[in-house]
There are 2 protein chains.
Amino acid sequence: MNSTTPLTVGEHPHASFPEGVELDCGVTLAPVDIAYCTYGQLSANKDNAILICHAFTGDQYVAETHPLTGKPGWWERMVGPGKPIDTNRFFVICSNVLGGCMGSTGPRSPRTDGQEAPGELWGTAFPPITIRDMVRAQHKLVRSLGIERLFAVVGGSMGGMQVLEWAVTYPQMMRAVMPIATAPFHSAQNIAFNEVGRQAIIADPDWRGGRYWEAGVVPARGLAVARMMAHITYLSEEVLTRKFGRRMRRGPVGGQGPEGPVSTFGDIFEVESYLRYQGSSFVRRFDANSYLSITRAMDWFDIAADHDGDLTPAFAGTAVRFCVVSFSSDWLFPTSAARTLARALNRAAANVSFVEIETDKGHDAFLLEEPDFDRTVRGFLCGVAEHAGLF
Amino acid sequence: MNSTTPLTVGEHPHASFPEGVELDCGVTLAPVDIAYCTYGQLSANKDNAILICHAFTGDQYVAETHPLTGKPGWWERMVGPGKPIDTNRFFVICSNVLGGCMGSTGPRSPRTDGQEAPGELWGTAFPPITIRDMVRAQHKLVRSLGIERLFAVVGGSMGGMQVLEWAVTYPQMMRAVMPIATAPFHSAQNIAFNEVGRQAIIADPDWRGGRYWEAGVVPARGLAVARMMAHITYLSEEVLTRKFGRRMRRGPVGGQGPEGPVSTFGDIFEVESYLRYQGSSFVRRFDANSYLSITRAMDWFDIAADHDGDLTPAFAGTAVRFCVVSFSSDWLFPTSAARTLARALNRAAANVSFVEIETDKGHDAFLLEEPDFDRTVRGFLCGVAEHAGLF
């Protein structure tokens, strides 16, 4: 596990902002690159742009083959010609978040605070970032594309946090938003899980105080453990039972497996092999310091914090149309959190729909085959377009 | 973290069984020591003995100061004179499980399979053990104390698994059982969490292939990460919110903490400090190889496995009285699992009560102040004693 994994940043298409971004922490991070992909055509009126915000470990490769993994885009079933987010009608933009590791400025970018040694990367000196900082960078990107107003901002999980931050910070900048499988703040349990992931990474001696690149290693074991744990939280207990149950790869204790007698070690249950695979494949595409930075941004997320803990004033007077979506078996961002959000929006007299999709697939359902969810996305976007006289 | 932690086994009171225990894996483990504590007096008729089975990281120090931590016994509020398990009436026995690290034979005991080097400990060569193996060792202990039949077997979590295994393997050996906050099998989600804990330990270079004692180190970082993660599963989302919420130890991002500006690193939220403390204090009292062995025993646990997946035949014809207890906010061993157990017992025409305690404290509720639970334990044991004409 000590070898360097193929984490070459590569030349992802990106926009450069030499002036940088003013961060919540008070620092101006400059320069800033934001890597992004687009799909479809921007209309002559520039009124058909949908910004998609990716989840924690997602990236800008929404609807095309991923350049590192060779796998399909993470939302190809949702985004494309004739798909619910129909690129025959809409111009779709997705950018890698600030702090990410797929071409946007993050801990793996060259350090630029004047303290840098030659060739030094940011590493742990990368300033603390927030979800609002990510949104500020996206805002720069959107404006640089000549777009004055987005048609919609859509995203799930941490993407949904960005959606909410967009609606609060730039309420004039979009007609509609879809916050999906998300919450208006990160809960104590969410913070706790993130902290275990961070500790797993920091505990790996190959993390080397965040300067692993200097030794040509990555903290692969710690990052894999963090991913394994997080992955459990993305699935429901029901779907784990349905997909794996107690099925064993080897015989029961006392039996002979193909590799000899069953022992305490090695993978015995299928669910273990699945998790180990999730952990090891993640290490090849994600940067450990980005993991630390972005989980911290999620932990800080709390829309009500600027309003003495009251969510309603954050949305006061908003003209944005909201469609809040939750999934019944999601225990990481449960329906109760979405309901809290929807109630605050109603108290602010916002135009809000709230849809709970029945599914046993847990938090990951927003990435998976859910026909009712697809119909919700397609229907909401069509409805807003018709209402606006767009198509 | 590289220094040796004070994990001296010490001379815990114990019984020795030179003939050993036949294990499910086919190996006879010999000799076997079982460390135990007792409270109260065994009656002349030897009919008032209650065996308490401890949870995963518990031990035999139920109702007295712990010799390593100096803390009160883990169930002092339940066990003692006048307590719900009243040692003025009952003779209480609790033994450290086989595979444990508080005096019973486990991975930290001297290796005795004929392959050992001088002074070698079992380490990862310790044979795989099951919950049934733990119960076989407890059975030897109980018989060695001259007890033909226990009054009751009581335990929560992994202790509840042992309780069920007792009822199935030695149904003539007790009047009553209380399986608490447990399940008749370990679920895919439970196995998944255990596997992440194991991987965190194994990933720690100080684990050294399980031979850390030779280097005078312990895999403290990996063990702490495993404990932190497990600890989240012992608490409910509600209790984490009630106890910690989003309270910060430092200011928000951009502010100045007492140790300088808030950064991505360091503990920012109170829930993080709490978890880190749980992790680091655990390392001082628990052995990493025991963690691996015992989690595996839990994973293998499946009462129905010997009956083609059908739980009912496991309890056919039983004369034991069952009181099944669950806690409403326990998501590790949820009420649904207890209900599955109670239904199977009913189908087997067993004498069964099923009590769900309303609480927001999650899985750990069985160790905490829950007056309704206390009344249930006291009432059930008194009822069985009166029914039997004991007191």
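Just so it is clear, glycine is given a Cβ too, placed from its N, Cα and C backbone atoms.
Per TrEMBL, the feature domain 'AB hydrolase-1' maps to A:48-369.
The annotation active site, nucleophile is assigned in TrEMBL to A:Ser157. Same-chain residues at least 6 positions away in sequence with a Cβ under 8 Å from that of A:Ser157 (active site, nucleophile) are, in sequence order, A:Ala55, A:Phe56, A:Ile180, A:Ala181, A:Thr182, A:Leu332, A:Phe333, A:His363, A:Phe366.
What TrEMBL records for A:Arg227, A:Asp364 is substrate binding site. Neighbour density for A:Asp364 (substrate binding site): within 10 A of its CB lie 22 other CB atoms from the protein chains shown. In the three-state DSSP scheme, A:Asp364 (substrate binding site) falls into the helix class.
DSSP classifies A:Asp330 (active site) as coil under the three-state reduction. For A:Asp330 (active site), applying a Cβ distance below 8 Å and a minimum sequence separation of six or more within one chain yields A:Ala181, A:Ser236, A:Gly362, A:His363, A:Ala365. Taken from TrEMBL, the feature active site covers A:Asp330 (among others).
TrEMBL lists A:His363 (among others) with the feature active site.
In the structure as shown, the Cβ atom of A:Arg227 (substrate binding site) sits within 10 Å of 23 other Cβ atoms.
A:His363 (active site) is surrounded by 23 other CB atoms, counting those within 10 A of its CB over all protein chains shown.
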